[in-house]
Amino acid sequence: MSRACLLLVVAAVCLAGREAAAFNYADALDKAILFFEAQRSGKLPPGQRVAWRADSGLSDGSADGVDLAGGYYDAGDNVKFGLPMAFTVTMLSWSVIEFGDMMPARRSSFLGGIFGGGGVAQLDNARAAVRWGADYLLKAATATPDTLYVQVADPYQDHRCWERPEDMDTPRSVYKVTPQSPGSDVAGETAAALAAASIVFRVSDPSYSAKLLDAAQLVFDFADKYRGSYSDSLSSVVCPFYCSHSYHDELLWAASWLHLASPEKKDVYLSYIGSNGHALGAEQDDFTFSWDDKRVATKGFLQSRADGLQLYKAHTDNYICSLVPGANGFQSQYTPGGLLFKEGDSNMQYVTSTAFLLLTYAKYLSSSAATVSCGSTAVSPSTLISLAKKQVDYILGANPAGMSYMVGFGARYPRHVHHRGASMPSVRDHPARIGCDEGFRYLHSPEPDRNLLAGAVVGGPDAGDAFADGRDNYAQAEPSTYTNAPLVGALAFFAGAHKIFTP
């Protein structure tokens, strides 16, 4: 983010409201990033900060003769699902790309040093979170020619047990997509993740960045050449958990990231988007952004970075209008307490992704001195920022329940998270194995979590702002990496803006 653009965006924050920040966004950002260390699979590094975790899944991939150790567990179980993991890496990368300058790596002289955080290594830790996922995706994409490994473990077998990752003895089956069993959706998202991550490391580690970009281009070519959905090829193990509604959006999403990541080939990917956009559904309005649907994000991403895409801007504006209460085109649902509500299972994933898009679009509008036309109403960047702030603040505690939905943040937060590792004694404190069936007593226990899953954002309350803090209540009490990933960017924005305008 350029200095001039940053000042324009932060000026919009001031217009949105001059009151002091209600929350310590920098602390929330630290915790949101820390959560990813609790989700790590594989050989943990010396600098691992979540001390109650230990090595796990070290032989992952051996069932197919490849090394698939590493990566992230997506939520509260011990499965490594490729589609949500790749989306997580894409969104973590986008958070760093868009708002990394607002994450202090060390005391900065930028704008007079006002980003100083006492040496808080937020940017370094965010990059580490990106790299942990990107390393795994790189292995999954390059281990075998014309093959992308997309999942480790049968979720049905995994869910028959309640085990710590360090103890798991359920089959670590390996699943892949190939020319004969295609998966353009998961391959497209993997290409997007690798391309986005390559931008993150372009300056700090050029050789690694180049390796990621090369792999991204290969995986995209594979996804485009062998078209088909992994929900068809691997339906028995990816559905109903992470069924993909279509692979069309992932192909355009991946091409968009490759357009940004490949300066020497940007015209090639832009031409692909122009030639394939109609067939891949780019001319349809859409109102949701998630691990399964990237259409609105792709349009917003592209129209702010490429010329000649006026239709994409119109669709993005329609999406924005759908979110703004009172605007022409408004069609979203909010709880009585003001939380965006899409659906009952893990609703917070839509809240965080929406808040992120609102802020990135506000940044674009500010830099262009533009607004969104919702009928006769001109919606300003400050309105988008204010709306995003309300969503973030709701998560952190400004809600009817007066509780934070981020574990470890504030005085009141969920204490019974649907998460195996958090609910059971740490392997550090209880080295003896806890078996498959034995673990269920921790799932059903009324006792609070044994280990603090700091930074985890749970699924959240229902349409009436009600929340049941129960470990059995996976729809409301389970966290996920793809909920936290876009929140990292949103929190970085508000942490940085707060530092600028607080005396």
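Each residue, glycine too, has its Cβ placed from N, Cα and C.
The signal peptide feature in Swiss-Prot is assigned to 1-22.
As annotated by Swiss-Prot, active site, nucleophile applies to Asp77. Other Cβ atoms within 10 Å of the Cβ of Asp77 (active site, nucleophile) number 24 in total over all chains.
Sequence-distant neighbours of His418 (active site): residues of the same chain at least 6 apart with a C-beta under 8 Å from its C-beta are Ala75, Gly76, Val458, Arg471, Asp472, Asn473, Tyr474, Ala477, Glu478, Pro479. DSSP assigns His418 (active site) to coil in the three-state reduction, placing it in neither a helix nor a strand. Per Swiss-Prot, active site is recorded for His418 (among others).
Feature annotation from Swiss-Prot assigns active site to Asp469 (among others). In the three-state DSSP scheme, Asp469 (active site) falls into the coil class.
According to Swiss-Prot, the active site annotation covers Glu478 (among others), on the basis of sequence analysis.
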Checklist entry - Near Asp469 (active site), which residues of its own chain have a C-beta under 8 A away, given they sit six or more steps off in sequence? => result Pro414, Arg415, His416, Ala477
Checklist outcome for this item: Neighbouring CB atoms within 10 angstroms of the CB of Glu478 (active site), all protein chains considered, total 21
Item to check | DSSP three-state assignment for Glu478 (active site) | outcome: coil
